[in-house]
Amino acid sequence: MSMYRHQLYRTWLSLRHRPQLRNWVYGTVMLSTLYFLYQFISPSDSRQTFPLESYVEPELLPQSVWDNRAERVKKAFQHAYHGWEQYAAPHDELKPISNTYQDNFNGWGVTVFDGLDTMALMKLDHEYKRALKHVEDVEFKLEEGKYAPYFETVIRYLGGMLSAYALTEDPILLRKADELARKLDPVFGTPSGLPYYGVNPDTGATQGPAIGILAEIASLQLEYTYLAKVTGKKEHFDRAQNVINIINRANYDKTGGMMPIRWNTTDGTPFDQSLSAGAQADSAHEYLLKQYLLTAKRDQESLQLYIRTATQLITELMYISPTRHLLYVTDKVPSRTSHTAQISHRFEHLSCFLPGLLALGVQELPLDDIDFMDAFDKDHPAQRAQWEKLRGFSLRDVHLWAAQGLAQTCWLSYADMPTGLGPDEMLFYTNMPEQGAWGGGWFAPKTAAGGARPMTRTGGGTLWVDALRSWKRSGARGVPPGVGDKTPVVYSKEDRVRGAFGRDYSIKKDEYLLRPETVESLYLLWKVTGEARWRDRAWRIFEAIEVHTKTPAGYASLRTVQTSPGVKDDDMPSYFFAETLKYLYLTFIGDTPLPLDKWVLNTEAHPFPVIQWTAEERERFRVGY
Ligand code: DMJ
């Protein structure tokens with residue numbers, strides 16, 4: 001021992017006289033200490049899941065297992081809702097880490113309104129009773145100078161009350177829904193009748209620019225049509241119908257038949273040529289198909305616009321990634337250098353509602369009966385050009401492939417992450433020339449950069465659409481390009497440090513906001529195809545939610561999905577109650593209380609029953625379809 005001490009002393013003496021060597025030794029000791037500390041506190045990359053069940057092929061699982069899983073979702077709902085009741089009531093949302101609250105949607109308790117119908121579906125009678133009392137007491141008031149955001153208030157509050165009314169027939173809900181709609185009504189004071197961004201429900205003052213955002217001005221048709229049905233009031237019907245008329249008579253020649261993002265609320269015309277499947281547009285596209293379904297398949301014009309929109313999305317905004325051949329849907333945004341719009345290759349979590357919507361259309365529409373749908377006017381050059389692009393394919397096939405391919409990519413964006421939860425936004429690579437791999441438009445006769453590019457190194461100018469055609473000609477065995485299961489690519493810590501490229505995309509926003517879109521689509525794919533793999537994926541997502549987002553009081557968004565365990569954020573959005581947990585629950589239960597041909601879910605997953613107008617209503621409302 002004393003020999004070691006002596007040795008150390010001698011070393012220290014010699015270092016005192018050699019400052020360079022001393023600094024080097026001190027530096028090395030410091031760095032090693034830091035490295036070891038980091039190893040202790042840094043998150044590991046290993047995927048954490050429940051070790052509760054060994055893996056069984058999902059199609060072999062009896063319904064009793066799925067029933068238990070549905071029960072688990074119900075418990076999760078109760079855990080989160082009780083947390084809100086304990087720490088956040090009567091405010092909007094619980095902050096599930098600090099156990100405080102935030103008032104980000106008017107302060108009327110949006111969590112209750114969004115969660116009501118899920119409580120009814122889950123038969124959570126005690127919670128529902130307490131929630132109903134809250135609804136009855138709310139006065140929908142805001143201080144002067146504050147404005148209720150119209151779109152969010154409609155889809156969450158109005159939609160929540162109306163769907164709970166549809167399920168329970170509690171008269172309070174209808175009375176409060178009608179009261180809220182009346183207080184919001186000044187938003188329709190624009191010259192066109194398209195809604196302003198916001199309104200003060202007490203003073204009637206409105207707020208918002210003259211240029212409106214598509215999702216915010218054209219996602220009210222379902223709520224107001226159903227409200228008209230249950231209240232018998234023509235004014236509600238007219239509000240919905242005016243929006244439908246405006247979007248139906250607009251000219252979409254410059255946008256390939258699809259509604260652009262920005263609208264002039266003065267004259268009710270499209271303002272630009274930006275196109276999006278996700279942010280700022282999503283629910284407006286969704287409401288085209290859903291309005292047709294809600295009106296018992298009578299509103300033919302909404303159907304036709306939906307078909308033209310889907311065609312544009314498929315032929316212009318869907319792309320295949322270079323090496324994994326993942327199908328994704330992107331947007332066209334204004335270019336910084338010219339007046340034209342350019343493909344961004346962004347893929348948003350928000351767009352993951354689209355595979356579910358397409359699957360719903362596959363189930364409910366006579367997609368191959370082009371004459372019945374009459375969606376393309378062959379004498380109209382722009383519409384004829386759109387129709388030509390998919391000629392030779394069965395529309396039903398193409399919509400189903402798109403639904404499956406996109407749902408696969410949405411699911412992979414979760415499975416690729418060490419948390420098993422997906423990022424909010426990705427950016428796809430278009431070309432990987434060093435690997436001889438090019439991405440390109442799925443059905444477009446041109447690729448990302450606008451010119452024809454080879455599909456593979458040896459492809460010599462082959463385009464994806466040609467690959468699709470030759471796949472079809474050669475007997476259509478297996479699945480077409482862009483469709484079919486792919487293996488997840490989970491990066492290790494080292495992969496991330498050295499900048500790996502194996503996924504075909506980089507992550508632009510790596511948070512997970514407890515959003516519903518992917519589980520929404522998994523639910524619809526499961527219902528429409530009956531394939532248990534979709535149901536199984538929903539369960540894996542629920543497992544990951546339990547492992548990575550649960551807190552003692554609720555569930556928390558993640559700041560990043562890229563390290564395991566996930567890094568939590570102090571936020572639990574109300575749509576987690578309305579949508580995420582509802583879709584998971586509906587995916588696992590056996591007999592559905594909401595058959596797809598009898599119920600239509602609004603964009604916040606609030607279900608309304610399909611409407612049959614009586615002769616008297618048709619006449620009084622002047623129903624034109
Ligand atoms: C929900 O509030 C609605 O689905 C809306 O239409 C857009 N997305 C959010 C949740 O992600």
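Each residue, glycine too, has its Cβ placed from N, Cα and C.
According to TrEMBL:
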type     : residues      : note
BINDING  : Thr603        : Ca(2+) binding site
DISULFID : Cys352-Cys410 : disulfide bond
TRANSMEM : 21-41         : transmembrane segment
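Counting every protein chain shown, the Cβ of Thr603 (Ca(2+) binding site) has 26 other Cβ atoms within 10 Å. Checking the recorded positions Cys352, Cys410, Thr603 against ligand 1, the ones whose Cβ sits under 6 Å from it are Thr603. Residues near Cys352 (disulfide bond) in space but far in sequence (CB under 8 A, at least 6 apart, same chain), listed by position: Leu406, Ala407, Cys410, Ser413, Gly422, Glu517, Thr518, Glu520, Ser521. Within 10 Å of the C-beta of Cys410 (disulfide bond) there are 29 other C-beta atoms, taking all protein chains into account. Under the DSSP three-state reduction, Cys352 (disulfide bond) is assigned to helix.
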